[in-house]
Amino acid sequence: MHTLVFCSFKGGTGKTTLSLNVGCNLAQFLGKKVLLADLDPQSNLSSGLGASVRSNQKGLHDIVYTSNDLKSIICETKKDSVDLIPASFLSEQFRELDIHRGPSNNLKLFLNEYCAPFYDICIIDTPPSLGGLTKEAFVAGDKLIACLTPEPFSILGLQKIREFLSSVGKPEEEHILGIALSFWDDRNSTNQMYIDIIESIYKNKLFSTKIRRDISLSRSLLKEDSVANVYPNSRAAEDILKLTHEIANILHIEYERDYSQRTT
């Protein structure tokens with residue numbers, strides 16, 4: 001099972017939207033069994049899949065901070081071949097947990113023992129912060145996808161990733177799968193400047209597919225579904241499907257020819 005961590009260190013980068021839509025695309029178009037894991041206390045990934053998070057809901061927080069058998073927290077969604085580990089309200093209390101504490105490894109162990117035999121891919125949606133929960137996700141993940149926007153503070157956040165990876169003992173060049181840019185506008189005169197900055201920090205890590213601005217993304221979230229399912233002819237559906245294939249190709253994920261033909 002591939003475990004991908006979608007992260008950003010500021011809000012509004014499209015991180016959760018990409019987590020949800022790439023995960024759903026991997027199931028719908030590539031025929032994979034996907035587990036989406038919501039580690040963000042805002043619970044937007046859970047909400048975007050139509051999951052109602054109760055005040056006593058067990059979720060990823062419980063895996064990270066206990067060692068109990070929590071197989072029962074995995075929920076089915078209305079999307080075929082997509083399951084969810086929902087967020088927990090308790091995780092809000094630990095959002096800025098001491099970053100210097102040692103990781104528990106509970107999340108990594110849980111995914112390896114209980115999930116890996118049944119899923120092809122796990123996608124973890126992290127908080128937009130440098131707290132303990134994000135650290136746990138970095139330890140558990142095989143690869144990291146950094147989600148950015150073509151804006152100064154978002155781009156400069158890449159430097160924090162380097163420091164953060166060092167803190168969990170993972171080689172940055174091996175651990176970073178790619179960098180995804182959302183809210184892209186082809187007419188923006190500063191595009192090349194931002195691309196050059198990204199390349200200077202992480203050479204050859206920027207995905208070739210950029211996610212253009214499209215109101216269809218927010219509208220699909222309100223409908224609790226993927227943009228490819230609700231607005232299949234939209235720019236966003238086209239872009240995220242291309243990004244999904246780009247990710248799959250980098251990971252050497254095999255899929256049936258019938259599924260690849262459905263992308264056209």
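Glycine is no exception: its Cβ is also placed from the backbone N, Cα and C atoms.
As given in Swiss-Prot:
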- F9, K10, G11, G12, T13, G14, K15, T16: ATP binding site (BINDING)
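Under DSSP, G11 (ATP binding site) is assigned to coil, being neither helix nor strand in the three-state scheme. Every protein chain shown contributes to the tally, and the Cβ of F9 (ATP binding site) ends up with 24 other Cβ atoms within 10 Å.
Neighbour counts were taken at the CB atom with a 10 A radius for the binding-site residues K10, K15; the maximum falls on K15. Within 10 Å of the Cβ of G12 (ATP binding site) there are 13 other Cβ atoms, across all protein chains. The record gives F9, K10, G11, G12, T13, G14, K15, T16 for ATP. Within 8 Å of the mean position of their Cβ atoms, the other Cβ atoms in that chain belong to S8, P128, C147, T149, S154. Around T13 (ATP binding site), the same-chain residues at least 6 positions away in sequence with a Cβ under 8 Å from its Cβ are P128, C147, L148, T149, S154, S182. Sorting the binding-site residues G11, G14 by the number of other Cβ atoms within 10 Å puts G14 first.
Cβ environment of T16 (ATP binding site): F6, D40, Q42, N44, L45, G48, D125 lie under 8 Å away, each six or more residues apart in the same chain.
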